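Student: Reproduced below are the annotations present in Swiss-Prot:
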SIGNAL    1-24  signal peptide
REGION    26-64  region 'Disordered'
MOD_RES   83  4-carboxyglutamate
MOD_RES   84  4-carboxyglutamate
MOD_RES   91  4-carboxyglutamate
BINDING   91, 95  divalent metal cation binding site
MOD_RES   95  4-carboxyglutamate
DISULFID  101-105  disulfide bond
């Protein structure tokens, strides 16, 4: 029984020696410092984005998010403004008249 206890302690000591002492396991596979320094050397450095460059801009260089907020505020937070709704209603009425429908005519 004492033999198994000594073997158990011996195996654990050898394992800790291999892992902590040399940094390798058996066949030379690096576990600690060498591989971790290589991995950090290959990591790209973080890019710090400024607030203005992180946002998309339109062709004129204006900030799209700010423009959309202004448009929605002007429309009263509706998907379409009153002008657009009136235009679409007029177009639908013209199409219905062209088709010969007198009242709401859907395909």
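A Cβ is built for glycine as well, from the same backbone N, Cα and C atoms used for every other residue.
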Student: Using a 10 Å cut-off, grab the number of neighbouring Cβ atoms around the Cβ of residue 95 (divalent metal cation binding site), all chains included.
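Tutor: I count 11 other Cβ atoms within 10 Å of it.
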Student: Could you tell me the C-alpha distance between residue 84 (4-carboxyglutamate) and residue 95 (divalent metal cation binding site) in angstrom, no decimals?
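Tutor: Computed Cα spacing between residue 84 (4-carboxyglutamate) and residue 95 (divalent metal cation binding site) is 16 Å.
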Student: Could you state the whole-number distance in Å separating the C-alpha atoms of residue 83 (4-carboxyglutamate) and residue 91 (4-carboxyglutamate)?
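Tutor: Cα to Cα, residue 83 (4-carboxyglutamate) and residue 91 (4-carboxyglutamate) are separated by 12 Å.
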Student: Distance check, please: Cα of residue 101 (disulfide bond) against Cα of residue 95 (divalent metal cation binding site), rounded to an integer number of angstrom.
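Tutor: Cα-Cα distance, residue 101 (disulfide bond) to residue 95 (divalent metal cation binding site): 9 Å.
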Student: Within 10 Å of the Cβ of residue 83 (4-carboxyglutamate), how many other Cβ atoms can you find? Include all protein chains, please.
Tutor: 9
Student: Which three-state DSSP class does residue 84 (4-carboxyglutamate) fall into?
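Tutor: DSSP assigns residue 84 (4-carboxyglutamate) to helix.
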Student: Mind giving me a neighbour count for residue 101 (disulfide bond)? Other Cβ atoms within 10 Å of its Cβ, every protein chain shown.
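Tutor: Excluding its own Cβ, the number within 10 Å is 12.
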Student: Compile a sequence-ordered list of residues in the same chain as residue 91 (4-carboxyglutamate), six or more apart from it, whose Cβ lies below 8 A from its Cβ; state 'none' when nothing qualifies.
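Tutor: The answer is none.
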Student: What does DSSP say about residue 101 (disulfide bond): helix, strand or coil?
Tutor: coil
